[in-house]
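Please read the structure below before turning to the comments.
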Amino acid sequence: MTSLPIGVVLCLTAWITLYKLLCNNNESRGFEWNCRLVTLLHGILAVCITAYIGYVEGPWPFTHPGTKNTPLQISAMVISLGYFIFDMGWCVYFRTEGPVMLVHHTISILGILLTLSLGESGIESCAVIFASEITNPLLQARWFLRQLGHYESLTGEVVDVLFVVLFVFMRIVVGGRMLYCELISPRPRFIIKCGGVAMYVLSWVFMVDIGRFAYRKSQSKYRRWRDQHRLAAVNGHDGKTD
């Protein structure tokens with residue numbers, strides 16, 4: 001157990017060091033740009049590791065929740081724990097995120113700490129990390145496209161659609177199934193089940209925000225299409241008059 005705190009400190013130091021290196025070598029960009037690069041890297045790394053754990057190493061989280069942590073599961077959780085502590089500190093310092101995201105980071109940190117301390121339910125934590133981070137690259141892509149002035153393009157449309165579809169499928173559909181398997185299984189501890197419920201409720205909070213965003217964007221696109229259609233009709237009418 002003494003190696004776990006050391007591992008977390010080393011991972012936290014690694015994420016901070018990476019951020020500092022990016023800031024020093026990418027001074028033309030702001031602090032948030034470099035922080036989001038770190039976030040993007042963590043998302044890709046976390047998805048790759050947890051995907052291997054779930055699909056190759058096992059066990060399958062839907063059928064074996066509450067099992068003992070494996071060394072690879074512990075490594076994946078330590079890496080993500082170091083990142084979440086770094087990002088939580090960055091968000092608090094720069095005050096860039098609202099209460100929902102801060103609650104998400106807090107629950108993630110406490111959940112990973114609990115799983116590591118108990119020595120079990122690592123497969124569920126890795127499944128949650130996978131489902132949470134798989135949409136992360138798309139989320140960061142949206143932000144970078146905005147900063148570069150390319151968001152209002154076909155690429156931006158594709159990224160938005162993929163993000164919404166993937167979020168609904170992974171966080172709501174698959175996440176709901178995962179929570180059901182967790183709750184009916186006798187193996188996971190009650191506190192772990194409570195953590196699963198909290199994360200799923202938080203997913204629905206994000207889902208409401210995403211639904212509002214999708215509605216506003218669809219309404220905006222409809223208004224633009226309607227205005228263009230009316231303008232074309234007016235121009236056509238004027239042409240006939242002439």
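Residue numbering: from 1, along the chain as shown.
A Cβ is built for glycine as well, from the same backbone N, Cα and C atoms used for every other residue.
Taken from TrEMBL, the feature domain 'TLC' covers 28-219.
Under the heading transmembrane segment, TrEMBL lists 6-23 (among others).
Tertiary proximity for the transmembrane segment (35-54) is limited to same-chain residues at least six positions away from its ends with a CB under 8 Å from its CB atoms, namely 15, 18-19, 22, 26, 60-61, 70, 72-73, 75-76, 79-80, 83, 86-87, 90, 123, 126-127, 129-130, 133-134, 136-137, 140, 143-144. Positions annotated as transmembrane segment by TrEMBL: 35-54 (among others).
Per TrEMBL, the feature transmembrane segment maps to 74-93 (among others).
Per TrEMBL, transmembrane segment is recorded for 100-119 (among others).
Remote same-chain partners of the transmembrane segment (157-178), defined as residues 6 or more beyond its termini with a Cβ less than 8 Å from a stretch Cβ, comprise 61-62, 124, 127-128, 131-132, 134-135, 138-139, 141-142, 145, 196, 199-200, 203-204, 206-207, 210, 214, 217. As annotated by TrEMBL, transmembrane segment applies to 157-178 (among others).
Per TrEMBL, the feature transmembrane segment maps to 190-215 (among others).
On the 0 to 100 pLDDT scale, the domain 'TLC' (28-219) averages 94 in this prediction. For the transmembrane segment (100-119), the residues of the chain that approach it from at least six positions outside its boundaries are 4, 68-69, 74, 77-78, 80-81, 84-85, 87-88, 91-92, 125, 128, 132, 189, 191-192, 195, 198-199, 202, 205-206, 209, judged by C-beta separation under 8 angstroms.
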